[in-house]
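**Student:** Before we start, here is the structure in question, set down as structure tokens.
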Amino acid sequence: MSAPPGPHARLAGGLLLWYGVLGGAVAWSVHALAAWSLSELACASGSERVAAVPLWEAVGLAVVIPGLAAVGSLLVAVLAWRRTTRARPAGGDSALGRSRMLAAVGIWSNLLFLTIIALGGVAVLVLPPCQR
Amino acid sequence: MSTTSTPSAGVGREDLERLAAHWEERPSLRAWLSTVDHKKIGRRYLVTAGFFFVLAGLSALVMRTQLGRPESGLVAPQEYNQLFSMHGTAMVFLFATPMLFGFGNFLVPLMIGSRDMAFPRLNAFGYWVFLFAGLFMWASLPFGAAPNNGWFGYVPLSDEQNNPGLHMDVYALGLLFLGISTTSGAINFIVTALKLRAPGMSLNRVPLFVWAIVATAFMVVFALPALNADNAMLFLDRRFGTHFFDPSHGGNVLLWQHLFWIFGHPDVYIIVMPALGIVSAVLPAFTRRGVVGYVLVVLAIVSISIISFGVWVHHMFATGLPQLSFSFFSAASTIITIPSGVQIFAWLATMLLGRLVLRVPLLFVIGFIVTFVLGGFTGAMFAVTAFDQQTTDTYFVVAHFHYVLIGGAVFPMLAGVYYWLPKITGRMYHEGLARWAFWLFFTGMHVTFFPMHLYGLFGMPRRVYTYPNIAGWAGWNLVSTIGSYLLALGVLLTIVGVVHTLRRGRPAPPDPWGGDTLEWSTASPPEPYNFPVLPRVHSLHPTWDARTAESTGPGASADRVLSGGRRTLLTSELDARQERAVAMPESTLKPLALAGALLLGFTALLLAWYPVAVVAALAVAATLAVWLWPPRLPEQEEVGP
Ligand code: HEM
Ligand SMILES: [Cu+2]
């Protein structure tokens, strides 16, 4: 059962796979905390700027950068899914099965988190930053 | 569907005798107090949490009796405050979470094919702390010193100036004390599920219930520190004059709310998530197929547990933060319905595609789906901020969260109680009695809580001890009260049913339902060592899988019998590759002693006997030192990989 993973399964373990599985979740957490605290702190201090950057741009960055990280994570998950599907041996090695499952979880969760980040982005476009 | 008794071809008589000798605990008071067996501890959790449920339920009955007619004088306002506060606090902290931990303790080692939890002594410790903390809090009620500021204890209403007396000290200390139990239990679940899974049970073969428990445990580990910090600061503010929450000295009142809801929103899922895991565990047996969309359900579990941390601000829409910052939380709050919906659809699809066997556990699952979905609808209504503003702090909210909590936790728990009763007690329950219990509970639940939507919309505020005779309020309140008695009758019948099972039930076969997870491959009730041969798992449905069954039959290898001492098998985290055997601890009184010393300490703090508190702290340190002192190890046996 514990044969060493073949060359196809390079994505089957290791950090890259975990980026594909959890990247979107981490990116969204960073987005929510950064965007929220930026608008919260700037507005509370009565200015619409963060260190001379207008608040709109600053919050926008807190959307775009995590968004890109989540897209990257989605791509990695798709890649991992395709490799593990192709490399699936007849016997059903448990390591490959596990990686395939993680890749599938990664694909769906990245889509989910990407949607939330995108909705956050829409809010930045629509709402004036400090309106109550 | 049932198989004959397990002890299989894979082990010889001699091995079985050695296993029994190593794991047996002879009945005596000392053995009872010192056991570290996860099954006994799990059972105790279930019984104790059930007991606290009954106490909290009785508080609710008193409240409903008081509210049955307008201007009634059964209880005084101060008493009413304590009743609803203790009811909410106990239901959330002393019943829902520990009850699910009870299921987890009994089932996780059985489901993953292990002989116990990773840290059995920590497990025993967690139970004693839970028991003591629960008694600590309930004991305040007869003295009229129970918490009186709602289950979320908002500052400044809970500070020393506005709320003198012991009430909120009981709340803060009680929850801190209990937090020790919950945290240690959660860590134990995580390590157990990562390291003790049977060989071959890679992540894609882990039962959904275990996924749910592990996700919950992670949520506990991340969420509870916020609550603990809150309560520690509250106690310091009240007792020692610090100013964490006092704006006149540079403190911040909103701090309480932020920290409370950083814990509190995930806590809703901490309660509901394992219950949903029970649903996923019960369904396969009564639909004769695996839950549809395993990967999607795992995804839902994992993503809910992450998203639930990012939405706490939606409890604070009334605090005047900028619109933009609200919107980041609104997006996530609405999106969390997607993974919840995914699970519901997976279950409905399972029921549509399977062959339904309508036994009582399945009835409770159906009751759960109906009730929970209704609660979900009214929850979605709050996402409309205007509606939220209108209904905040009315009975509409009380109706909503009882639909979610009773629907999402109590129905699945009762499904689980009936489903696993044969495994836990070794006896079958009485089907007719159980059906009556279901229908009374289901009818009672809806008759009690549906009208609350109505008088909530008519403007009746929550947390009032009485109300004037206003048209539309009085009649519906009476209906609610009648419903609550029906519901109580349902609970009573369940208790009668459990006692009947213990006394009169037919002996249960190992697998009365044809379940798909490993606990059904053991005897009912399981032997103290769980599995004579630790199985090797080949699929997601091990008991439906001939190769897994063979692995404990003639195909058993000596390294999975491990009869030379209390031992179980360590495997790798992701793929469950066999690593080595590890020794498991014998029973011991140290967990009880440590929990007792902590109880003394918390009581002394509450009553301001500081010298006693210091003595208790020393006792805690001494017990810990004795506990952690490296034992003299017996000769290690060599075990192959
Ligand atoms: C078994 C039947 C139950 C009945 C008849 C019942 C009844 C009530 C009533 C009448 C109140 C409102 C008190 C008020 O606002 O004046 C209440 C509050 C509450 N209930 Fe229940 N309840 C039941 C079960 C549960 C369960 C199972 C849970 C949780 C797992 C729960 C959690 C709560 C909470 C958190 C509150 C709010 C307390 C507060 O305002 O701080 N209840 N319940
Ligand atoms: Cu919430």
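Placement of Cβ uses the backbone N, Cα and C atoms for every residue, glycine included.
According to TrEMBL:
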type     : residues  : note
DOMAIN   : B:26-538  : domain 'Cytochrome oxidase subunit I profile'
TRANSMEM : B:45-63   : transmembrane segment
TRANSMEM : B:83-112  : transmembrane segment
TRANSMEM : B:124-145 : transmembrane segment
TRANSMEM : B:170-194 : transmembrane segment
TRANSMEM : B:268-286 : transmembrane segment
TRANSMEM : B:293-314 : transmembrane segment
TRANSMEM : B:326-350 : transmembrane segment
TRANSMEM : B:362-387 : transmembrane segment
TRANSMEM : B:399-421 : transmembrane segment
TRANSMEM : B:433-458 : transmembrane segment
TRANSMEM : B:478-499 : transmembrane segment
TRANSMEM : B:597-629 : transmembrane segment
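Provide an account of the burial state, proximal residues and distances for the features listed.
**Tutor:** Here the transmembrane segment (B:45-63) has long-range neighbours at 74-75, 80, 83-84, 86-87, 90-91, 94-96, 98-99, 101-103, 105-106, 127, 130-131, 134, 138, 417, 424, 484-485, 488, 491, 495, meaning same-chain residues at least 6 beyond its ends whose C-beta is under 8 angstroms from one of its own.
Sequence-distant neighbours of the transmembrane segment (B:326-350) (same chain, 6+ residues past either end, Cβ-Cβ under 8 Å): 276, 279-280, 283-284, 287, 289-293, 296-297, 299-301, 303-304, 307-308, 310-314, 317, 365, 369, 372-373, 376, 380, 383.
Distant neighbours of the transmembrane segment (B:399-421): 46, 91, 96, 99-100, 103, 106-107, 268, 271-272, 275-276, 278-279, 281-282, 285, 359-362, 364-365, 367-368, 370-376, 378-379, 382, 427-429, 434, 437-438, 441, 445, 448-450, 452-453, 456, 494, 498, 501, 513, 519; these residues of the same chain sit at least 6 beyond its ends, with a Cβ under 8 Å from one of its Cβ atoms.
Outside the transmembrane segment (B:597-629), and at least 6 residues removed from its termini, the chain residues within Cβ reach (under 8 Å) are 121, 129, 132-133, 136, 166, 169-170, 173-174, 176-177, 180, 235, 239, 590.
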**Student:** Thinking of Cβ pairs under 8 Å, which stretch from B:83-112, B:170-194, B:293-314, B:433-458 has the most of them with the transmembrane segment (B:124-145)?
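**Tutor:** Looking at each of B:83-112, B:170-194, B:293-314, B:433-458 in turn, the most contacts to the transmembrane segment (B:124-145) are made by B:170-194.
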